[in-house]
Amino acid sequence: MNKKERSAALVSEYAALIRCPVCGGDMHVDSLASLTCSTNHAFDFAKQGYVNMLNKPVTTQYDQALFKNRRDFILESGFYEKMHEAVVDIMHRLDTDDMTVLDAGSGEGSHMERILAKVEGKHIGFGIDIAKEGILIAAKNYPDSIWFVGDLANLPLKDGSCDVILNILSPANYSEFNRAIKPGGIVIKVVPQSGYLGELREALYRDTDKAEYDNAGTVSLFEENFEVLERVQVKEKVMLDRTSLANLIHMSPLAWNHEAGELDDFISEERPVTIDLEILVGRSVISV
Ligand SMILES: C[S@@+](CC[C@H](N)C(=O)[O-])C[C@H]1O[C@@H](n2cnc3c(N)ncnc32)[C@H](O)[C@@H]1O
Ligand SMILES: [Zn+2]
């Protein structure tokens, strides 16, 4: 079997969880080549093994080079290790030994991959992102999970299909999350706090108001939509070498719209950079 057929075989095992993004109908895998619904909306597997479930192409500001930098940074810098560990601990508290996990806004997939590598028990991961460039890299590298180009405002997953929805540094759609989560399931949202990448923001913006994140609005919207079970802070300074610093500035939307060379000083020698994240854990408001 080639890569595409192997992915199609994996998806066919979990087809019962997938819904058509056009009509909401049931889907099945056809000839190890496409996902097709009962009214014949068909979505082909790409050769890398992902499926594009968007009705029309979307152009985003995220290109392949950015996702490659994100991948290298997440895998090599150790910057997000504490966050991954904290998420794994939260997932273990669910006490489910057969977990369906969705990463909504997965990018190139390395956060979910790192997290699932540490999660005990049987599990399957679905990664969904609107940027094809990210999903393509994810599918190439992580064939044990299922990767869809799709819109988190119209998830191609059935009502009550997910035990865990991860939403890491990405936009959210809480009515979709509430629809797709199992009763008793949890949403784990990772949001930046005021100190997050403070050293980079200081180098870029100095006196302007972009120098701090304010996540009060994000937190209160989350609280309106879920019963909040936990709020976990991950805050530390991590020493980054020059390679990781270079990956950081190229992966971060913060550094967009800045002149090449403006950050040469920032990446000229290793330096500590602050990770300051809050992990919001919410339970579905639908009663168990
Ligand atoms: C800052 S990136 C974070 C990606 C990944 N979670 C990470 O931390 O590396 C935000 C991601 O949200 C995705 N995104 C934005 N709007 C989306 C939508 N409507 N549906 C799915 N993904 C979306 C972008 O394509 C991008 O990959
Ligand atoms: Zn359909």
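Here the Cβ of each residue, glycine as well, is placed from N, Cα and C on the backbone.
Sequence annotations record features per position, and here TrEMBL assigns domain '23S rRNA (guanine(745)-N(1))-methyltransferase N-terminal' to 19-54. Sequence-distant neighbours of the domain '23S rRNA (guanine(745)-N(1))-methyltransferase N-terminal' (19-54) (same chain, 6+ residues past either end, Cβ-Cβ under 8 Å): 1-9, 11-12, 130, 132, 135-136, 138-140, 143, 147-151, 154, 156-158.
Annotated Zn(2+) binding site per TrEMBL: C20, C23, C37, H41, in sequence order. DSSP gives H41 (Zn(2+) binding site) a coil state; it is part of no helix or strand.
Counting every protein chain shown, the Cβ of Y80 (S-adenosyl-L-methionine binding site) has 23 other Cβ atoms within 10 Å. In the three-state DSSP scheme, Y80 (S-adenosyl-L-methionine binding site) falls into the coil class. Per TrEMBL, the feature S-adenosyl-L-methionine binding site maps to Y80, E108, G109, Y196.
Annotation source TrEMBL lists domain 'Methyltransferase' at 101-185.
A Cβ within 8 Å of the Cβ centre of C20, C23, C37, H41, the residues given for Zn(2+), is found for these other residues of the same chain: R19, P21, V22, G24, G25, M27, T36, S38, T39, N40. This prediction places the mean pLDDT of the domain '23S rRNA (guanine(745)-N(1))-methyltransferase N-terminal' (19-54) at 97. Among the binding-site residues C23, C37, H41, E108, G109, the residues whose Cβ lies under 6 Å from any atom of ligand 2 are, in sequence order, C23, C37, H41. For Y196 (S-adenosyl-L-methionine binding site), the nearest neighbour among the listed binding-site residues (C20, C23, C37, H41), judged by C-alpha distance, is C20. Non-local neighbourhood of C20 (Zn(2+) binding site): D26, M27, C37, S38, T39, H41, P156, each in the same chain, at least six residues away, with C-beta under 8 Å from its C-beta.
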